[in-house]
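Visitor: One structure coming up, written as structure tokens, with questions to follow.
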Amino acid sequence: MSKKLLIKTWGCQMNEYDSSKMADLLNAANGYELTEEPEEADVLLLNTCSIREKAQEKVFHQLGRWKTLKDKKPGVVIGVGGCVATQEGDHIRERAPFVDVIFGPQTLHRLPEMIKQSQSEDAPVMDISFPEIEKFDSLPEPRAEGATAFVSIMEGCSKYCTYCVVPYTRGEEVSRPMDDVLYEIAQLAEQGVREVNLLGQNVNAYRGPTHDGEICSFAELLRLVASIDGIDRIRFTTSHPLEFTDDIIAVYEDTPELVSFLHLPVQSGSDRILTMMKRPHTGIEYKSIIRKLRKARPDIQISSDFIVGFPGESDKDFQDTMKLIKDVDFDMSFSFIFSPRPGTPAADYPCDLSEETKKERLYELQQQINAQAMRYSRLMLGTEQRVLVEGPSKKNLMELRARTENNRVVNFEGSADLIGQFVDVKITDVFANSLRGEIVRTEKDMDLRSVISPTQMMAKTRREDELGVATFTP
């Protein structure tokens, strides 16, 4: 009987990516198969996020539930990973001594070894160090699960915004070697992946070493990924205004695989608040980037992150944010009330704003962006949109669900053999959270670009033989 593994994931897309790699690692090393039933699991892993308020209490609440299972089934292994594990490792050991394994985002590759050690020594094991690129060197071959895939190209953050814990929990910025990234994406393309989402805390800060000792910029990487046959759509998240340079903007002019949608966090429209946040840009500088982007790609739509109620935020500061939202005409946002993160400078800033005022500001901001998003959706009515078919519709299994470049779900009638392919649809109806369409043409009638096959890309990419000697085919 196979061993069972349950992974509970909280947080960002990077955590989702990490959890998928944990599952692959434990399957390859020990034959663990995923389950959604805690009672079935031999290993219970919690991949945590420390961005939101009360993250630690949420972790201990979940661990309390799992302790009940461990009391009934003493052999079950409980592990805590992610950013809360890095921040609170010693506290977890003290408050939840029944936890067997504690690991950080940069040490998840050691999971099979750590689980085995905890079982053989009957003692907790903890590793929350930052071994830089070692994590990526130790991950298993990628496995495609559908037509879209996430690929982590860099880790960490070196910006140290005053409100953010990421530099303390994921370490400084470290970029994966260019060849490793391209090799992974080519493997995924061979397995049928059509869209890749490049991940990093500051993904456009990517500076990946190449086989010949040079450095590959993010703009260069985008063009190389776009050249792989089968990869016909590229997204990336999360980017930072500081590194959103003109060479990246130029890629939008000549690379159709790069979607006309960008998530570029600004956090506030007030220069005073941006300075307090230690954000290295002003509102005008942010708008300048957007103007250049829209010149290069007129139909591009922008989403952002916003923090309301930051310590010291005045009515004028908030109105500056609202003005920026209207000026840029954002299509979407992730917006939150400020919550102090332990260990960050902003946690010690005095704040005299009432909770009621913070909630009112958040509501006003979200209502404005929702109105802008609905206007964008209505503008799509009657237009043709190229969509990637993801699977059956969640509301009607007899229909298909697809996604537009600007991240909207479209439901339409079609046969199951279209799943994993691109189709052009005409938008016939607009709803609050989705669109409806009808097929205009299928992929066989499209002129999708072909440059280099996945097999050729893998052959060109640096590998090492069994002795660890690097090889490269130019």
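Backbone N, Cα and C atoms are what each Cβ position is placed from, and that goes for glycine too.
Dumping what Swiss-Prot says about this protein:
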type: BINDING; residues: C12, C49, C83; note: [4Fe-4S] cluster 1 binding site
type: BINDING; residues: C157, C161, C164; note: [4Fe-4S] cluster 2 binding site
type: DOMAIN; residues: 3-120; note: domain 'MTTase N-terminal'
type: DOMAIN; residues: 143-375; note: domain 'Radical SAM core'
type: DOMAIN; residues: 378-441; note: domain 'TRAM'
Visitor: Can you give me the Cα-Cα distance between C83 ([4Fe-4S] cluster 1 binding site) and C164 ([4Fe-4S] cluster 2 binding site) in Å, rounded to a whole number?
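Guide: About 12 Å separates the two Cα atoms.
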Visitor: Beyond C157, C161, C164, what residues of that chain have CB atoms within 8 A of the centre of the [4Fe-4S] cluster 2 site's CB atoms?
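Guide: What remains near the Cβ centre is K159, Y160, Y163, V165, V166, P167, Q201.
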Visitor: Please list, in sequence order, every residue of the chain apart from C12, C49, C83 whose Cβ lies within 8 Å of the Cβ centroid of the [4Fe-4S] cluster 1 site.
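Guide: Nearby residues not in the site list: W10, G11, M14, N15, T48, S50, I51, G82, T169.
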Visitor: Please report the Cα separation of C161 ([4Fe-4S] cluster 2 binding site) and C12 ([4Fe-4S] cluster 1 binding site) in Å, rounded to an integer.
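Guide: Spelling it out, the Cα of C161 ([4Fe-4S] cluster 2 binding site) and the Cα of C12 ([4Fe-4S] cluster 1 binding site) are 18 Å apart.
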Visitor: Across the domain 'TRAM' (378-441), what is the average pLDDT of the model, as a whole number?
Guide: 96
Visitor: Looking only at DSSP and grouping its letters into three states, which state does C12 ([4Fe-4S] cluster 1 binding site) belong to?
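Guide: Where C12 ([4Fe-4S] cluster 1 binding site) sits, the three-state DSSP reduction gives coil.
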Visitor: Given the binding-site residues C12, C161, C164, which one has the fewest other C-beta atoms within 10 angstroms of its C-beta?
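Guide: The binding-site residues C12, C161, C164 were compared, and C12 has the fewest Cβ atoms within 10 Å.
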Visitor: Measuring Cα to Cα, how many angstrom lie between C157 ([4Fe-4S] cluster 2 binding site) and C12 ([4Fe-4S] cluster 1 binding site)?
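Guide: Between the alpha carbons of C157 ([4Fe-4S] cluster 2 binding site) and C12 ([4Fe-4S] cluster 1 binding site) there are 14 Å.
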Visitor: Report the same-chain neighbours of C49 ([4Fe-4S] cluster 1 binding site): residues 6+ apart in sequence with Cβ closer than 8 Å to its Cβ, ordered by sequence.
Guide: W10, G11, C12, N15, A55, G82, C83, V84
